[in-house]
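Below is one structure, written out as C-alpha cells, with a few remarks after it.
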C-alpha cells in the first residue's frame, strides 16, 4: 500500500484550497469493481466502466460515493445543493454553476495520471434540448424526470484494469476559517473515513458471482412489454418522416419508441448481467434520487481533454463473424454497403460542424476516416473528428455544441428534432441524451445514452429507435427498433432467471467466472 497524502502537505494545500484530496493507492490481483460495490452493500452513487476486451478504449472503472453536491435543472435554471451546508446556488447555465463550484470550493486535484480524479457525474436528458436550442419546442407531455442531474462525490475509487492499481480518493472539505488544529482534525477524520472504506475492501465477505452462458439465452418475446406506440402508429409516423424527406425538410429522422416491462430484478443485478451480455466502452450504473440508470453505450458523444476535442461518429454495423475468415468477409461487405457509408458520411459532417462551432479556426480535422473497429458482438464503421477548443470557450460549451448526437436525431439536426417532438408520443427522457463526467479540471468524457434502462418502482423503461431515410420500409423500421430493445430485454430475462425465478438453482450455479 502506498500512502500518498500526509498532514504537512495537507496543511500547506489548505493555504490556497478548501477541498483537498487524501489519496491511498494499492495494487490488487483479485479484487474487482463489482466485488468492491458488493462489499459496500451497493451504497454507491455511480459506477462508470469501460468493458470491452477488444476495444482500446477500455481501461478504467470509477466508483463514486458520498455525494456532497447535487446539480440539477429546475424550470429552466440550474441549481447546486450542498448536502453539508444545506446552501443552494442557482444559475442560468450549467457552466455558470460549475464555475461557481470551482470558485467556491477551491478544489485541489491529485496528480495520478488517470483521466478522472473527481468532478460532476450524471446525465443530461434529451429533453434539455429546448434550453440549448430554443427553436426546438418542449414536448407537449410532461415528465417527472429532471432534465439534468449531476453528482459531485466526496469519495472516488478509481480502478485501472491494466495496471491493477486502485486509487482511493477522499476529498476533505474546509471553510477557510479553521485554525491549524481544526484543519488537522479535518484531515484525521477524513483519513479515518478512508481507512474504514479500505478495510471494507479487505473484508472476506462472501460475494456471489455470476456463472452464466449468455449465449444460451434467446431474446425473449414482447408478451409482458408495453410500448408508447401502437405498431400501426409507428409505421404511420415512418411514412410522415419519409414525406418530410421527400419535401426536402430533412435527410434522415430517428424515430423511437419506449418500452416498459415490470421486473423483479434490481437495477444492479441488471447491470451485472448487462456487462457480461453486452460489454461496451461506456458502461454505467447510477443511483438517482427516485430511480436508477443502467446502460451499455458503444458511442462517445464528445471528449474534451486539455482543450483537445474529439468525437467518434459511429454508423454502419455488422455482427462479428464466427471466425477470422467470416470477420474479414463481413468487414469487406460492410465497406461496400453504400447506404451504410452514406449515413456515416452524414454523421462525420455533423461532427465536423459540432466541433467547428467551438474550435479554433482551421483546427478541425478527421485523422481517422471510415475505420472498422470490432467490439465483442459487433463491428462498426468509425471515424475520428478532432479540433482545438477556442480560447475563452468553456469545455461545457463543447459538450452543448455536440448535444444531442446526430445519430439519435437525424439531419439537419435542428429540423429533425423539431419534427420528432411533434411525432413521438412521449418525452424521451434519458434516451438520446448523454451520460458524462465533467472533471474538476474541466476535462469531459461523455457517451450517448443508448442501450440503457431506467428503473423505477419495479418497472424498467427501454427506448430504441430506427433511422428513417427516403427508401425506408415502415415494417422493417418498426422491427429494427424492437430488435434494438431486444438486447436489453434479454438482459432482464437473464437477471430474472439467475436471481429470482430459480433462486435455489441459481445459488448452486453461482461460481467464479466473471467479475
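Just so you know, glycine gets a Cβ as well, placed from its N, Cα and C.
Binding of L-tryptophan is attributed by Swiss-Prot to 281, 282, 283, and within the candidate set 14, 16, 50 the record adds 50 to that site. For the chorismate site, Swiss-Prot lists 316, 317, 451, 465, 466, 467; matching the candidates 431, 437 against that entry yields 431.
On the backbone, the CA of residue 451 (chorismate binding site) and the CA of residue 480 (Mg(2+) binding site) stand 13 Å apart. It is 15 Å from the Cα atom of residue 431 (chorismate binding site) to that of residue 283 (L-tryptophan binding site). For the chorismate site, whose binding residues are given in the record as 316, 317, 431, 451, 465, 466, 467, the maximum C-alpha distance rounds to 20 Å. The Cβ of residue 480 (Mg(2+) binding site) lies under 8 Å from the Cβ of 466, each of these being in the same chain and 6 or more residues away along the sequence. Within 10 Å of the C-beta of residue 282 (L-tryptophan binding site) we count 27 further C-beta atoms, all protein chains included.
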